[in-house]
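Residues or ranges marked as domain 'Major facilitator superfamily (MFS) profile' by TrEMBL: 15-489. What TrEMBL lists as transmembrane segment is 17-40, 52-72, 84-101, 113-133, 154-171, 191-209, 245-264, 284-305, 317-336, 398-423, 435-459, 465-485.
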Amino acid sequence: DVVESQEHYKSRWRSIWIMYLTMFLSSVGFSIVIMSVWPYLQKIDPTADASFLGWIIASYSIGQMVASPLFGLWSNYRPRREPLVISTAISVAANCLYAYVHVPHSHNKYYMLTARALVGFGAGNVAVVRSYIAGATSLTERTSAMANTSACQAVGFILGPVFQTCFTLIGEEGVTWKFLCLQLNMYTAPVLFGALLGVINIILIFAIFREHRVDDMGRQYKSINSDGEGSDVLDPNTEGSIDHVAVVALNVLFFVILFVFAVFETIATPLTMDMYSWTRKEAVFYNGIILSAIGIESVIVFMVVKILSKKTGERAILHAGLLIVLVGFFILLPWGKKLPNIQWQEIRNNSIPRTAPSEMLAPFWSLPELQLPSNHTAEPVGCPVTQSWCLNTPMIYLAQYICSDVLIGLGYPVCNVMSYTLYSKVLGPKPQGVYMGWLTASGSGARILGPVFVSQIYTHLGPRWAFSLICGVVVVSLLLLEIVYKRLIAFSVRYGRMQE
């Protein structure tokens, strides 16, 4: 056994902290605009509808899904600094592009789609971050390090909406710099700030990050991509095959976890605008506050599970997390009798009568056309009649929405960190870049299908169908976890090199 020197230990953890920062900035790049994408899309391109919003949100994950295995493979054979710097530079350029999507005279929504896809491509470095942390920590350090990684990701999700909320003070018009063709407003300022953070991240990767690798017992040895940095200790015996049944099962579970959360974060703004008659600015502001509170809750959860997992194990905590998510979506189902306000209803002389059952069940095209004064400039609020379910589906009360937020904010971080931790332990000491790339890709696939699924089902069938189907998906994932429960053990434990 080789005792790790103090210098090596400090260098190893400084590098891990840089990975924490990279994960934080990756999540900020996603969340800093998530609450404002829909109103910004409506502003720059009125032809875009709620269905296209799903593709805008999903484009980030399409880019990440494509990039993750590529960056993961790259990191297995070359110094990790290379994919980290290149990916971050792509994100910086994409954020700058997002700030200029208002400039073209047509097809603006497609420019926004491209910008978000490129930001997602740059976020493929999450696979590199996870694989590095898995290889640079011992088995006893792994759960804590993965929890810290997810906590940094959660802090990014907290501060992203906070930054967005602060930037709403600039307003929708903001300041225009004609010589740069740039409108600095509540929609563009956040992404430019994200680009600045990305530049800082690149500088820190060059200045501080070094390659380190240890085995499950914490003994250091040189990695193939160490670039001459690190120990000359040879790779320990890594004989034994990976349990691919456990690997596939964890990929499926991670897909479900990301899928349900993608549904939740995508639908937040349209749902609250429909149910509570919030304007675009109100929806961005209030949901930013709510998601920030959930993010704080998540960070607390990450700190707690680090301690709790030592007593109960990761598998039991993962099971509990899925149950909490199931309850959260069950509460979100429409249970009352009050119907949501119909769009334009409050500013018409005569509101749409909705008391008669025959009218409540009538198709939306048979209702009287909503006429507005020719000089009317107010923003429409409420549930649009083009969504026919608005006329017969009970509204989701604000208390329901907030309770669901709290439960999902509790269950999601538990599931996220436990699935990553179990996955890295099942893979063992072998290079994990490609495997982490596939796990990240499965999560990205969920982020693709989740927004598209919910935007289509919600738009055409309403929240009752959308959230009922989500509950069914979570139940199936709980059954899968029961089937593979005994196989989700660490590689070294499976081959008797360590005790669980």
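The backbone N, Cα and C atoms fix where each Cβ goes, glycine too.
Sequence-distant contacts of the transmembrane segment (284-305), counting only residues of its own chain at least 6 positions beyond either end whose CB sits under 8 Å from a CB of the stretch, comprise 31, 34-36, 39, 147-148, 150-151, 154-155, 157-159, 161-162, 164-165, 168, 186, 265, 268-269, 272, 278, 317, 402, 405-406, 408-410, 412-414, 417-418. Outside the transmembrane segment (245-264), and at least 6 residues removed from its termini, the chain residues within Cβ reach (under 8 Å) are 57, 61, 318, 322, 325, 329, 408, 412, 415-416, 419-420, 422-423, 426-427, 435, 438-439, 442-447, 449-451, 453-454, 466, 470, 473-474, 476-477, 480-481, 483-484, 487-488. If one looks beyond the transmembrane segment (317-336) by at least 6 residues along the same chain, the residues whose Cβ comes under 8 Å of a Cβ in the stretch are 253, 257, 260, 305, 308-309, 393-397, 400-401, 403-408, 410-415, 418-419, 422, 462-464, 467-468, 470-471, 474-475, 477-478, 481, 485. Using a Cβ-Cβ cut-off under 8 Å and counting only residues 6 or more beyond its ends in the same chain, the transmembrane segment (435-459) has close neighbours at 49-51, 53-55, 57-58, 60-62, 64-65, 68-73, 120, 124, 126-128, 130-131, 134, 247, 250-252, 254-263, 266-267, 270-271, 387, 420, 423-424, 427, 465-466, 469. The stretch in 84-101, 154-171, 398-423, 465-485 that contributes the largest number of Cβ pairs under 8 Å to the transmembrane segment (17-40) is 154-171.
Summarised as a single figure, the pLDDT of the domain 'Major facilitator superfamily (MFS) profile' (15-489) averages 79.
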